[in-house]
Amino acid sequence: MQVHINQKLLGANELVAKENRKRMAEKGVYLLNLMSSPGAGKTTVLEKTLPLLKERIKVAVIEGDIATVRDAERIAALSVPVVQINTHGACHLDATMIQAVLDKFDLDNLDLLIVENVGNLVCPAEFDLGEAAKVVLLSTTEGNDKIPKYPLMFHEADGLLINKIDLLPFTDFSLEEVAKDLQKINAHLPTFPLSARTGEGMEAWIHWLLQKMQEGRERP
Amino acid sequence: MHEMALMESLVSVLREEAEKNDIKEIKKVKMTVGTLTHALPSALQFAFTVLRESTPFAPLATLEIETVSAQAKCLACAQTFDVSDEYLFTCPHCQAFTIKIIAGRELKIDYFEGE
């Protein structure tokens, strides 16, 4: 017997993502999915971002890693509420993992929940978490060919951070090439070159993020 | 990279569907995979051979994968085109950058066969 089901493989994930999105909207929490390759500097960018955000809004973090709680410890050191998810080998977070930890936060007293996804440019693009926005982080040491190599991730992004621009003179990374590639993949992608190490460019990115959150509140 | 996770969702969907349709043993599964998902057919096949050892799969159940290449529609000139590496997401007809992906993101189970 042949049974036609025509069912999406990730249909279950999409349903849970929808629930997460609805819950966040009800609670007025902006859910941000931060993605990058391993070592691009997601945690370091957060370490610099969070103290600046904390002055203005209530923020918390979900740390996704294959193993260890090291990143969560770095965030907790900033007195920001943080929950670590260990995926035990899985290369991405999914909506169910997020749903399972949402109760650990005081959602009524929260404006922004940042999810630091597992370092990977391929798989996280497939798994909707229920986020309001996807931000991709690229670092100058990775080279700018990451954009044409992983077009889906950059096509779906709502914002792009280019970290480690203090190292630009020592790499072959070209901001012009990035702009050219983005023209073909996501022409109007807001892009923020910055250095989490020196603090350069941080204000522009934070300003944009706060504005996005404001827009999200006005047009949920 | 996430093929094992994808196959695990496939197995859980099929387990439920097999029960619903009173099928004790699944012999064949047909799925569609878009190239933009970066899910490699060979890795999917490998994951399937690991997972088919559990019920309700026949020990030698087969997986047929239909690959769908990426296609986009230009929002400026309304023409559809194949997304190639060279063009990425640029319309080859009018060079516009505002495009919508219409194929290539598929990841679905079309049907399964069993008794």
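Glycine residues also receive a Cβ, built from the backbone N, Cα and C atoms like all the rest.
Summarising the annotation, TrEMBL assigns Ni(2+) binding site to B:His2. Summarising the annotation, TrEMBL assigns Zn(2+) binding site to B:Cys74, B:Cys77, B:Cys91, B:Cys94.
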Checklist entry - Hey, of the binding-site residues listed (B:Cys91, B:Cys94), which one tops the CB count within 10 A? => result B:Cys91
Next on the checklist: Just to be sure I understand the packing, how many Cβ atoms besides its own are within 10 Å of the Cβ of B:Cys74 (Zn(2+) binding site)?
Outcome noted: 21
Checklist entry - Among the binding-site residues (B:Cys74, B:Cys77, B:Cys91, B:Cys94), which are close to chain A, meaning C-beta separation under 8 angstroms? => result none
Checklist entry - Within 8 Å of the centroid of the Cβ atoms of B:Cys74, B:Cys77, B:Cys91, B:Cys94, which other residues of that chain place their own Cβ, given that this set defines the recorded Zn(2+) site? => result B:Leu75, B:Ala76, B:Ala78, B:Gln79, B:Phe81, B:Pro92, B:His93, B:Gln95, B:Ala96, B:Ile99
Checklist entry - Does DSSP give B:Cys74 (Zn(2+) binding site) helix, strand or coil? => result strand
Checklist entry - If one measures from the C-alpha of B:Cys91 (Zn(2+) binding site) to the C-alpha of B:His2 (Ni(2+) binding site), what distance in angstrom results, rounded to a whole number? => result 30
Item to check | B:His2 (Ni(2+) binding site) and B:Cys94 (Zn(2+) binding site), distance between Cα atoms, whole Å | outcome: 36
Next on the checklist: Applying a 10 Å Cβ distance cut-off over all chains shown, what neighbour count does B:Cys77 (Zn(2+) binding site) have?
Outcome noted: 12
